[in-house]
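Copied over from Swiss-Prot, here are the features:
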- 7-328: domain 'YjeF C-terminal' (DOMAIN)
- GLY111, ASN164, VAL165, VAL166, GLU167, PHE168, LYS169, ARG170, ASP254: (6S)-NADPHX binding site (BINDING)
- 202-206, 244-253: ATP binding site (BINDING)
Amino acid sequence: MPIPRTIIEQIKRIIPPLDGSLHKGQSGRVGVLGGALDYTGAPFFAAFSALRFGVDLSHVICAPTAAGAIKSYSPDLIVHPILNESSSVDKVKSELQSLLSRLHVLVVGPGLGREPYMQSYARLAISLVRERGMYLVLDADALFLVGHDLSIIKGYRRAVLTPNVVEFKRLSEQVGVDPDAPPDERAGVVSRMLGGVTVLQKGAKDIISVDTTGEEADLSASHIEGADAEKEKIKETIAVDVEGGLKRCGGQGDVLSGCVGTFMAWGKCYESGVYGDGTVPTSRVPLLAAVAGSMVTRTTSRRAYAKSGRSLITQDLLSEAGPAFEECFGGDKGRL
């Protein structure tokens, strides 16, 4: 099923121009919170793929036990080893506040793990993001955190959740979705019950849904100003069945998180008037970012699989990110 033309046109509007008018940082600054002793690849893939998809700066906020490995993977990443188990909450909070002031979006979850201290820091970061009205992507063990306390994310319409099959089943049960509900409608139900967050349900085809008709959807708590509350009550589902690769390997979901984060960072730059015509509403950005991220990541996977076949690993996707972006959106009117 083709993506509606209006969606594609809106996505292209939030992509920064490559015309020499912007300085460093105005094409997106992404942060990834995750990375502990056992998990160093996931935050790298999320943060580095954001660079490959076109952001200017990419930061990793991690535990000290992960920092050395992540730094060694690429000199292009800015690594902050502040999630120290022995640090005081006040110290970490102060450091997070300083870092968040420099970012357009925070991706929480890749390599986060389930250690209590990492989960606690993720909860803290999410609360600070909400206070600042930043865009937010939640994946992997950040979804585990949400499942244990739905209030962490409920009503925050600047967020995108990216569950895989297992994570979506668990999340559906936790919010109370009827197990007999049609499969293609469940993501919309989860969105409504979580107050209008955008849900990107990964699968053979990706289902992106947003439903802001429930009572929990909150424009003011989402820092969406000047919008008509009635017009903002929407139900929308987009199925993305762009061809992807046939090999599944650990890390591809992290690439998706980085790509969605890229488009959300651009959405923030667009919202702030750094470039663009201002015709795309702020409330559209999470849906557009999820659709665009799905399209580009699936295309990246297809291109990498065509070269590597059964031997494909996630690193193979990174060199295909730029060409995949061009294939999906590239070239016209001075844009990426």
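Each residue's number is its place along the chain shown, starting with 1.
Each residue, glycine too, has its Cβ placed from N, Cα and C.
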Between LYS202 (ATP binding site) and ASP254 ((6S)-NADPHX binding site): CA-CA distance (Å):
12
Since the record lists GLY111, GLY245, GLY251, GLY253 as binding-site residues, which of them has the fewest other Cβ atoms within 10 Å of its Cβ?
GLY251
Can you tell me how many other Cβ atoms are located within 10 Å of the Cβ belonging to LYS169 ((6S)-NADPHX binding site)?
14
CB neighbours of VAL165 ((6S)-NADPHX binding site) within 10 A?
11
Of LYS202, LYS247, which of the binding-site residues has the most Cβ neighbours inside 10 Å?
LYS202
For the (6S)-NADPHX site as recorded (GLY111, ASN164, VAL165, VAL166, GLU167, PHE168, LYS169, ARG170, ASP254), determine the largest distance between any two Cα atoms, in Å, rounded to the nearest integer.
21
Determine the minimum-neighbour residue: among ASP206, ASP254, listed as binding-site residues, which Cβ has the fewest other Cβ atoms within 10 angstroms?
ASP206
DSSP state at ASP206 (ATP binding site), helix/strand/coil:
strand
Any idea what the model's mean pLDDT is for the domain 'YjeF C-terminal' (7-328)?
97
Counting only residues 6+ away in sequence within the same chain, which have a CB under 8 Å from the CB of CYS249 (ATP binding site)?
LEU312, ILE313, THR314
Can you tell me how many other Cβ atoms are located within 10 Å of the Cβ belonging to ALA204 (ATP binding site)?
7
Of all the binding-site residues given, namely LYS202, ALA204, GLY245, GLY253, which is spatially nearest to GLY111 ((6S)-NADPHX binding site) at the Cα level?
GLY253
What does DSSP call VAL165 ((6S)-NADPHX binding site) in the simple three-state scheme?
helix
What's the CA to CA span in angstrom from GLY253 (ATP binding site) over to VAL165 ((6S)-NADPHX binding site)?
11
